[in-house]
Structures are given as C-alpha cells and as structure tokens.
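A.B. asks: In case it's useful when we look at the structure, here is the feature table from TrEMBL:
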type: TRANSMEM; residues: C:20-49; note: transmembrane segment
type: DOMAIN; residues: C:25-213; note: domain 'ABC transmembrane type-1'
type: TRANSMEM; residues: C:61-84; note: transmembrane segment
type: TRANSMEM; residues: C:187-209; note: transmembrane segment
Amino acid sequence: MSAWDRFAETFLNGEVLARYLPSILGGVWVTVELSLLIVVAGILLGTALACLRAYRIAPLSLLIVVFADVFRSLPPLVLILMGYFGLPNVGFTLSAFAVLFVILTLTLAAFTEEIVWAGITATPKGQWEAARSTGMGFSQTLVWVVLPQAVRMVIPPLTNRAIAITKMTALGSVIGVPDILNQATTAQSFSGNASPLLLASALYVLLFLPLVIASRRLEARFAWRT
Amino acid sequence: MSEMNATDRVGGTKPPTLQLSGLHKSFGTVEVLREIDLTVERGQMVFVLGRSGSGKSTMLRCCNRLEEPSAGSIFLEGQDICARGVDLDKIRRRIGMVFQSFNLYPHLDARRNVTLALRKVLKLGRDEADERATSALDRVGLANRADHYPGQLSGGQQQRVAIARAIALQPVVMLFDEPTSALDPELVGEVIAVMRELKDLHMTMLVVSHEMAFAREAADRVVFMADGRIVEDAPPEQFFTQPSEESTRAFLARYSA
Amino acid sequence: MDQLILQFFNVEVMAKAWPLLLRGLGMTALLCLAVIPLGLLGGLLAALASTSQSRWLRWPTVALIDLFRALPPLVLLIFVYSGLPFTGLQLPPFLAVVIAFLLNNSAYYGEIIRAGLISVPAGQSEAARSTGLTQSQTLIHVVLPQALRNVLPDLISNSVEVVKMTSLASVVSLAELLYSADMARSVTYNASPITLAALIYLILLWPVVRLMSRFQRKIAI
C-alpha cells in the first residue's frame, strides 16, 4: 500500500464518511442554530446595555461595566463548566445546549457592550447638540442620531468578535452538545478512523471562511472616515 | 402659532421674542458671562460681535440651554425658559440653531436630516414631513439635492441644509453660531444670501459672526461683547461710524483694516 | 442561597484544591510563555509575507491566515492531538497545544501586525531608503517600530484572548489551571475549585482588560 493510499484510508475513508455523514450533518444544524441564536441575542443584549450606559446612571453603569469586564476576562470554557456541572447541585439544571447558549450570549453581549459604547462615545458632541436643539429628547437622539452612527463605526470589530465567539460553539462538545465537533469525535472513536475529524474541519471552514472573508471586505469598506 | 396670535390680539402688547436678563455663566471659577441684558424684538436681526473668548458663543448657547446659565433668566415670548418644570424639548423646537460645524447627521440624506425632527418631535406623517422638508430645502435653494448625503455636499450646501433643518420646524427665533467660520471664503456668500432671505421674511435672528459687511448692511442692531459683558448695543450705522466705547473702536480698527 | 455558597464558594474545598490549582497555574504560565512569543513570531512572518511585493507569497499567506481564522481553535487542537496519531505522529499534549495554538495565533497576530504595517505611510520607507538604509534595515529600524506601536492595544487584547484560550488545553488532558480545577471538582463533587480558577483568571486578566478599555477609548477619536 502506498503512502497516499494509507493517508486516504485514514483521512478520506469513503465508507466511514458515508456511515457518519448523517450525524455530522445533524451537528452542522446544531452549530448553525446555536450560532445564529447567540449572534442575535448577544448583539441585541450588548447594544441595549451600551444604550443604558449612555444614561449615565452611576450604579447602573457600574453594574454594566463590571458585567462586561468579568465576561471579557474569563475563559468561556471555565464558565461553561461552572454552569454545566455546578448549577445542577443548587437545584438548577439546564441542558448543555442552554448552558452553552447562555454563556456565549453573555460573552458576546459583554464584548458588544464595550465596542458599541466606544462607538457612542466617539460620536461627535455636535451631533447630540444638533438633535437636542431641534427639540428631540435624549432617548430620541440616542436611537435616531447617535446609535446609527455608532453602529456603523463599529461594524468591523463587531463582526470579527461575533465570528470569534460563534466559533466557540465548538466548546459545547466538551459538555456533550451534539454539534459538529462532538459528532465528529464520537464518530472517530467508534470508527477508529480520522476521516470524520477532517470532514468536521472542512465543514467549519465551509461555514466560517465566507464570514472571515466578508469581514475582511467590511474592514476595507469601512476604512474611510468622513 | 394660532394660539400665540390670539393672545397678541387680546393683550395688545407683544413681549419681545427673546430677552436675556441678568445672565451669568461661569465654568468653575472662570466667569464667561457677566450681567448680560439683551432684548431681541420680533422680526429683528441682532448681530453679536466680539473677539474669540469674549463669551458670545456661550451666550448664544445659553439661549436654548445647550449651556446651562449660572444665574439670570431667559424669556422666549415672555415665557421664562429657565423656570423649574419647563419642558425644554418643547422650548427648543421653537428655537432654531445653526452651528459653526453644521452638525448634519452623516447617516441621513438632506431630506431626512430635515424630516427627522418633524417626524419625531412634531409627529408629522411621512408625506407632510416630506412636503415641509421640500419647501424648506427649496427656500435654501437645495431642493434638487434632497437625496444627497452630507458627505456629498460642499460646506456651503451643508450649512444651507442645516438652516433648512432649523427653519422647517418654523421656529420663532433662529440662533446662528458663527455659521460661515468653517467655510472656504468662496462659499460664504451662498450662506449669507440665505440669511438675507430669512431677514426679508422677517425671521427673528440672533447672529454670532465675523461677517462685518453683512452686519452693517442687514442687522437691525449690533452688539459688541468683551470679557463676558455687552459693552455696546447700537444700530449698525452708529455702531460702525461712532462707537461710544474705546474697546469697540479698537476692535473695529483691527478688523476693518 | 446557602446551597449556592456551599456549591460555588466553599472555602474549605477551595483550600484543599489550592495546591493542585497552583501547579495548574504554573502549567498555564508555561503555556503562555511558549505560545505568546511563538505566536507573535509566526504572526510577524505571516504579516510580512502577506504584505510582500510577490503575489506568489502574498496570496497563499492570506489564504492560510483566513483558513486558520475560520477554524475554531478547539477543532484545530483536537485535530492535531487525536487526528495526527493516525499518521503515526503521536504528540504529547503540551506539544500538540503549542502547535495548534501556533497556527491559530499566527493567523490572528498576523492580521493585526499586517494592519500595523499598512498603517505606516509609504513616505516613511521612502525616506529611509533615500538615506541609504537597506530594505531590511528600513523594516527593522523605521517601519516595524511604528507599525507595532500603532497596533499595540490590539496585540495586547489578543494576548488576553490567548491566555484565555490556554484553558482549551484541559480538553486534551494537559494539567493546566482549568484541568486541575475540573479534576478537583470531579473528586469533591463541588464547583468551588472552578470558581477559584475563575477568580485566578479574573485577577490576572481584569486589570489588563480594564486598562485596554481606557486606552482604546483615548485613541478611538
């Protein structure tokens, strides 16, 4: 047997791939579903927190900053293990899927809050003054004048962060969420063959490479500043 | 508007459009405005001159409380706008303001720069807001630029859109904070032309500016400020030919040279 | 509430787990010391290649950078750790982690340093070359110092992410901080050791995270 044949047998084994393809494709659906939920919930929550912080109510702002700092400082895997193994012992059992969703959503929200807040503070003071001088209230100015500009300014870093955190859905495999990685490692240990792992890697690249390339484009497009 | 006319008919005497009385403003320990008394009658155009740092912009910004006065009162058509419990947003929609740096919303085109407050503050419907915006943009000669974004307009055009944004709310007074200072010299004329037209329409205006020739030609009164005080308040002819104060003479000598 | 404290903040359990966690922390530090400098070096090479004049160098590098940015680091790690043995290449966990992270970090650091290189005006290298400096002298003495300074906050932020990422090594049984904490948890049936690990990460990283927020705000405008 040639070296190539051995390689193909181990990493591109058609028989093994065919047997485990359905379960791995099921994992794709889990990964995509989780990613979408996390992106939507995390960005909405983070933006809402950044807006709340704009009201500069001292105790509230402090809480928001502490939340954002803690979730930006801690490795998500630490929080995932804490949530998954710790919570049931205090009578609060969440499914692995729910734990992963909650932790990664909060993590993305923390980063989003920080990024959007930077955008809000970078919006020129004159924009606030112009809007307020026409009789618009604080909230109206925030929503219709400042936030649209802030969000535009931070789209590139926000996109990068969202991609990085949705990729972390792979951490779910550690606590048994049946995502791509989990299905692939299971298939690998049953079949004693590395093909499922290569397939999983290819699927991740297929899912995330377009996003990575799109974020590169976004960065180039948003490089201008008026 | 109609409500206002009704009280005019009944009361007979009209309060001045804008009246500052005993106005003080300090930033920390620095006093930037001291004992300002100023009256702008309906339909008047009052020019404020002074060196930079004399407090003229701060005074203007106090008029819609972008700066909070430290003491004194400001009356808009007889209503004290610094009184407790006054709805500042309601006051501000009756006071138009034009900024040195235009402050157009960069994410909205010219029309939506004008309609935003019409929709959100006056709660007009889309059609009515668009109609008003078109007529305001037409007034400043930019109806054909309604779908341009600020980044696609020249400085002079941006400032004219900013004026349209303010007049679309049909304010009772317009504040101009150095409206031509950020413009290239060849673009100043178009903004002044728009202001002249507003003057012809009897818009009440308080203008901080360095455009002396325009002041002399169009103002009803010229006010000179130094060190946070109003030191001279006279009709333009008298102001420019026989000012009573030494500091005014020094200023005029330096700037009209 | 008592249950919560007993389960997550049990001082007795924490005290018992402390020596184990301390050893884990040592391994985490060792990992960081290996992975961050190597990643920076790999990133520098990737950045230079991806901004090179030659398209035969530039395009494949950009493609590789994007490939490794698209792969979740855990997938990469598991591939290196449990995929490669099928080729007869059985790596010890530490080496597997270093290789997987080197690939991932080179891509991320590379993207950052590339942005830094692009941010230096062309006039800088033109001026340097006009004074007779060679291409590599220009790079080392003129362009790189400015490039790295321009992206310093991003480099530091990414290094925080790398430190956090070392916790993934627990998945391949490398006895770093999180692995040790999880061992202690499974022995004591109590989550407090993981809380303790979280506190250690927090103490190490929070100051950096806060500092970066202040710093980035200052240069944002």
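Every residue number used here counts from 1 along the chain in the order it is shown.
Using N, Cα and C of the backbone, Cβ positions are placed for all residues, glycine too.
Describe each of these features in terms of where it is and what it packs against.
C.D. replies: Same-chain residues lying 6+ beyond the ends of the transmembrane segment (C:20-49) with a Cβ under 8 Å from its Cβ atoms: 57-58, 61, 64-65, 94, 97-98, 101-114, 116-117, 139, 155, 159, 162-163, 166-167, 169, 174-181, 183-184, 193, 196-197, 200.
Residues of the same chain lying 6 or more positions beyond the ends of the transmembrane segment (C:61-84) and with a Cβ under 8 Å from any Cβ of it are 46, 49-50, 52, 90-91, 93, 96-97, 99-101, 103-104, 106-108, 110-111, 165, 168-169, 171-172.
Beyond the transmembrane segment (C:187-209), the same-chain residues lying 6 or more positions past its ends with a Cβ under 8 Å from any Cβ of the stretch are 6-11, 13-14, 16-18, 20-21, 24-25, 156, 160, 163-164, 167, 177-178, 180-181.
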